[in-house]
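Written out below as C-alpha cells is the structure these notes cover.
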C-alpha cells in the first residue's frame, strides 16, 4: 500500500509539473517503508512475553508468531528498538496492535539515536512528546513527522495501552536514504583551513551551512577571515552558539541555541546579505546587522576546528578548539569536506582529522520527578581504607537531593544535595551556581579520615571542600530523591530533577545498561540512556527584553524593568495615548505611552497637555527656544539638525494614530530673505517627514509645495509682491511664523538657512515641539443593532501569544464579542450573562475558559474595558479594574493556536448569540482594527458610537457639565468657578489692600426696555429670594471684607472676617453656608424683606462705610449664584462686565499644594463648623441692618 501511495504521488506530481524531470520528482519523495524488509536481528526490546512475541514479529500488517511484539510485563519501562542499519531520513511512523488480540498502545514516545545510546526524544512543536496510538488491534494509525528525523536507531516507548489487554505492537517507519560527509576534530591541534582565493566561487551573498555534534560545551567551530584583519566566527560557549566579529574590538553579535553539547546533531546556517546576516540554529533564526567595516568585506579563508594563529597561520592547541564532528559543510554550494577528503590544493589539513564520527558512549539517566531514583551497590573497603564516588549532573533546579548513603559506624545517613544552586553535604560548602543546565562533575572521596568533595575538577573554577569525618559505605548508594534505609531518617530535601551520567564507585565505572536490564542495582521512574533536559528559555519566551529563568518544569519571566506585564512580558503596563490617560481621570503631566501596546515599539516619555478643548501629546527636541543667527566669516548657510526625545518608530506611530499634528515654524528676520518668492530659488528650506526627511520649500501656515509663507496665503504680506514677509528684505525686524499641519511632512528634521552672510543680516528661528491630539484608535467604534449583525476581518494570527483589548457598552445581557475558528482550535470572548465575561479557547488540549464575575451589572449602557491575554504559560482575563483571573496552560501540552476562518466581531459564524451594543478601541496584539471603516459597508452595523457622558461624566467636577462629542466628551466649566480639563483647577488671585474687582449686573431698564410693565415692577426680575455664595480665602487680616453685593435700592450683603465678640447676632431670613469641608449647618434668620434689583458685586475694597476694610490675601473660586466674578475678571476681562482697580494677578495661592502647613495663614472654604475666626454677614434691607455671625 505504501509503495502504491508513493507511485500515485509521483504520478500526480508529473501531471502538475510537466517541466520537472523524473529524477527530481523521485529525489523529493521520501516515504518508502523502512522496517518491513529488515531481518529479526535488527529488532531489540526490553523483554518479550514468549518467543512468539519476540520483537522481530513487530512488522506492520504481519501475522507471524503471535502477531506482534508484547513484553513480559506491561509497564512504562518497556521499549521496542529497530536498527535501520545506517543513518536514514525518517518522515513518518505507523502503528498497529498485536493481530487478533486485545493488545494495543493508545499513546507512546519516539526516541532516535545514531549509536543505540544517548537517545533523543522526538517532540512536536518543541513541547508535545507523546504520539496518539490505536483504538483496536488491526487499524493502522499513520503519523507524519512535522520535521524529518535523521537517525539509525528508533526506539518506541509505550505510555498507555488498552486497559483490558496488555502492550502489543506492530510498526512501520517511512523515509529514504541519507548521505553525508563527516569530519571530526579532537579538540587539540586538528583543523582544516580553506583558501577561498584558489578557485572557490565568491559572491556578494555568502552562505555557510553545516551540522555539528559537540563533545565539549565550548570551542570555535568556524572562523572566516578577510581583508584588514576583519573576521567572523562561530563559537560554542557553554552550550550556546555565538556569532562573533573581530575588527577594531571583538564584538558578540548574537547568541542562539542552548544545550548544544548534548552529543546530538544540530543544524547551522549563516547567510550574509550586504550589511545584514541571518544566523539559524536548528529551527530558530536571528537577523542581525554587522558592523559597517564589513560592508565591502570578502572572505579569503575559512578555518575549522583548531584556532589559527594570525601570524604563523599554524594551528594553536587551545581549549577553545572544537571537539566533535561536522557534517555536510557547504560554502556557497561547495562541499568543503569533500574537498578535504580529496586533498584539494586549496585545503590545508592539520593534526588528527578523521572523516568519520566516532562517539564515546556515556549513558545518561533522567530524573523526572519525586519518585525517580537510581540505586547502585555500595563499595568494598579498599586497601587505603577509603571511599570514592563520582558522577556528572545537569539541571535547572536550584535544589535537589543528589546522593544518599548510610553511615553504619555513625548510625546515620549522608546526604549530598543542591541548595540555592550550591553543593552541600550536611553543612554549607562553596561552589559555583550549579543550576545552569551545564554538566558538572562531582567527586566524593574519603581518605585517611577526611571527606573531600570536588566540583568540576577539570574546569578553571573548580572548588573543593573537606572535613575531618571518616566514611564507609557498606550498603547502597541512592541517587535522586527516594531512599530506603533502616535508620528511618526522614528525607528533608527537594527531589532532584535533571540528568546524571559517568557514575563511578571506587574508580570503577557503573554500567547503567545492566541497571536497565535489572542485572545491577535498582531504579524507579528513570529515563535511562538519554538526557531529557529541555531549555525552556531558548529561544526565550519572554518578550520585550524580560530576562528568562527556569526550573526543570517551568520558566519565569522577570518583567520588573521592561514596562510590560504578564507571564511572558507581553502586555504593556502603559496606556497608548494621552487621550487614554485623560479618560482615566489624569490631568496634565509627563506620562509613558506605548503607542502599539504589546507590539515591538518601546514606551516613550511624553508630556500630556490636557486642555478643556483637546488633549495634546507634546514631544520635545533638542532646541525649541528662539535662536539668534548672525553673519560669520566663511559661512554661507546654516544647517541645524533636531534630535527628538522619541525614537524614529515612536514618532511615526504617534503621528499616524493622531487626528491632528502640528509644529510651529518661525523665522524672525532683519535683511534676511527666506524663500526668495515669488520666482527665485529658495534661499532656505527644511527637511520633514520619515527618516532624514524630504526637502520642504513652504513655511509655517502655508500649504505643502506652495513655496509660500502664511502671509502669502492670506494676502497680507508687508510687501504684496512677495509671498513671505522676510522676502521683502527690509532693515526692520519682521517675521514669518505659523503652524505646520501636514502630517506627511512632520516632524521637522532639520533647517537650512541661507541668507545670513550679508552685512547687516540677522535672523532668529524657532522650531517648536511636535504636538498631536486626538487618538484615532481610542475612539474607533461600531454599533451592532442586531444579534445577527457582525463584522469580519482576516484570520487572527496569535500562534504563541495573543492579547485582545476593547471597550464595550450594551443593554443586552449576553452576546459574543469576538470569535475566530480553526479546524479544531478556536478563540472566543463573550458576555455570558449580565455580570460575567468569559474568555475561552482551544489550542489542541481541549477547551479552556477564564471567567470574571462582576458584582454590578455590565449591561448598564456604560463603557467597560476587557483585556484578555493567552501565551504558552497561561491565559488571563481582566474586566475594568477587577482582579485578574488566570488559567495555567498544561506544562507539556500543545501551545500553537492555529486558526483559519475569518475573525468575527460582534457575532459568530453561525449568526447566533450575537452582540447588541457598541465595541470600541479593539486591538489584537497591539494592532487596532478599523471598525468604523468596515461598518460603513456592512448592513446592520453603524460606524461610531455616541453617548460617553454616562461613563465619563463623573470626571467633571465642581458643577462642570459633561458635554457629548462624536469622539469623546468635554467638561463645560462655564457655570463653575473652576477651570481645567475636568473643572478641577481653582481660579485664584492675590489681592493687595487697594485691589478691587467689581462685577456689574444688567441695569433694570435693559431688562424692561421693550416691556409695557409699570415702573413699580421694573426690579421684580432681579429680586433674589435666596443667595448661594461660595469662595475660598487665605489671609492674616482681620477684620476684612471678602465680598460685597449692592442693589439699586441701596440694600447690600457683605461677607466679613471679624474678630471674636465684635458683633452680635440678629434675626434675619434663612441663609445657608459652610466653612471648609465640615458638615453643613443651617442658620434660621427671619425677615419679611427681599433683596431687590442687584446692582453689583465687589471683591476687595469698596466705597462707603466698609471702605476702610478691603482685603489683603488670596481669594479663590468665588461663586455667587451662577456668576463667577473672579474667574471672569482673570480669564475674560475684555468680554465680561468687570472693572478691576489696583493690582490683581492670577496665582495658584488658593490650591492646597501651595499652602504652607506651618503657616498661620491657611486656606478656608466658605462652606462648616464654628471657628474662632469669625465670618460676619451684613444685610441692609429697607434701611434696617441685620448681621449673621459665626
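A Cβ is built for glycine as well, from the same backbone N, Cα and C atoms used for every other residue.
Automatic prediction, not curation, is the source of TrEMBL annotations.
As written in TrEMBL, here are the features:
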type	residues	note
DISULFID	918-945	disulfide bond
DOMAIN	30-176	domain 'F5/8 type C'
DOMAIN	182-357	domain 'Laminin G'
DOMAIN	363-531	domain 'Laminin G'
DOMAIN	533-570	domain 'EGF-like'
DOMAIN	569-621	domain 'Fibrinogen C-terminal'
DOMAIN	780-945	domain 'Laminin G'
DOMAIN	946-984	domain 'EGF-like'
Intrachain neighbours beyond the domain 'EGF-like' (533-570), with Cβ under 8 angstroms and 6 or more residues off its ends
240, 256-259, 262, 284, 366, 394-398, 437, 497-499, 592, 594, 598, 602-603, 800-801, 803, 869, 871-874, 876, 891
Confidence over the domain 'EGF-like' (946-984), expressed as mean pLDDT on the 0 to 100 scale, is 89
Number of helical, extended and coil residues in the domain 'EGF-like' (946-984), per DSSP
7 helix, 12 strand, 20 coil
Under the DSSP assignment, what numbers of helix, strand and coil residues are found in the domain 'F5/8 type C' (30-176)?
9 helix, 70 strand, 68 coil
